[in-house]
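So the structure is just underneath, and the comments pick up after that.
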Amino acid sequence: MLNDERDSTSQSHDPVAGSMRPDGSKARRRADAPGRAADHGSGDGPAGAGPEGNGEAGKHRSYRGETGGAHTDREGEKAKEEKEKGKKQRSFWKELPVLLVIGLLLAFGIKTWVVEPYYVPSGSMENTLLIGDRVFVNKLAYLTRDIERGEVIVFDGRESWDAAEGAESSSGFLTAIADFAGMSPDRKDYTKRVIGLPGDTVECCDDQGRIMVNGEPVDEPYLFPGSLQSHEEFGPVKVGEGRLWVMGDHRAISLDSRGHEDFSGDGTIPIGSVAGPAFLIHWPLDRISTLSTPQDAFANVPAP
């Protein structure tokens, strides 16, 4: 019993940290023994040169590692860029034939159904059109409206006229390219001005030498300077249904409806042969201009 009391008394003299002493103060935690520093890192090597790479040696190692890594990254990015560039170049050359085919199909579609270029081979439309002019024709115009008197039109003369102003189309690659561009002089297309519509009666001339349409004389400001309205009398000719009477602006040299009266249709042409109205001279560059229909020339012509 006495031993137990001594042990208990001895233990009470070693206060637990935070417990109250007899004098009322708190016991403090025993400090770590000298030399027993907390194990925050290895004690080997110079002070501060722990495994985290702190200190001068660690700094040097870290600098070299970061520099080498950045250099490697730049080389990798450069190689990647070169690879992507090579892929794009190969892709372009693979796609080029497809793009060319698409371009040719679009050009063919536009030429066939929308706008077509034509070459002017003669001086029959001087000075409105000169030899060598190239014009664009609107092939959609007459889908929404009728042909008007005074319009400059392009038509295929093979259905009505001979080949006096043209020739049979020749074969060959270069000829085909020229024909596609509207530059071949071998085409049998004609460019003339519409004078008479279906049902009109056309004749020459009144006492001033003017063309008459439905008995009304027409003043034509577009004629070649000094040119007579017609160098010979003709008519009266009644224009048939679905046909047109056409003439050139340079009347003295134009082979037009007047010179084909012995052909079917009395020199007139079928409306179905008309490609469309010429609306723009696009070559030569110094001749670029639009072609408009004179509004006053046929304003007083009565209905047939």
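Glycine is treated like the rest: Cβ placed from N, Cα and C.
What TrEMBL lists as active site is Ser124 (among others). If you draw a 10 Å sphere around the CB of Ser124 (active site), it holds 25 other CB atoms from the protein chains shown.
What TrEMBL lists as active site is Lys192 (among others). Counted within 10 Å of its Cβ, the other Cβ atoms near Lys192 (active site) come to 24, all protein chains included.
Taken from TrEMBL, the feature compositional bias 'Basic and acidic residues' applies to 23-42 (among others).
What TrEMBL lists as compositional bias 'Gly residues' is 43-56.
Residues or ranges marked as compositional bias 'Basic and acidic residues' in TrEMBL: 71-85 (among others).
For the domain 'Peptidase S26' (95-283), the mean pLDDT of the prediction comes to 84. Here TrEMBL flags 95-283 as domain 'Peptidase S26'.
Residues or ranges marked as region 'Disordered' in TrEMBL: 1-87.
What TrEMBL records for 96-115 is transmembrane segment. Here the transmembrane segment (96-115) has long-range neighbours at 136-140, 180, meaning same-chain residues at least 6 beyond its ends whose C-beta is under 8 angstroms from one of its own.
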Ser124 (active site) versus Lys192 (active site) - Cα distance in angstrom: 8
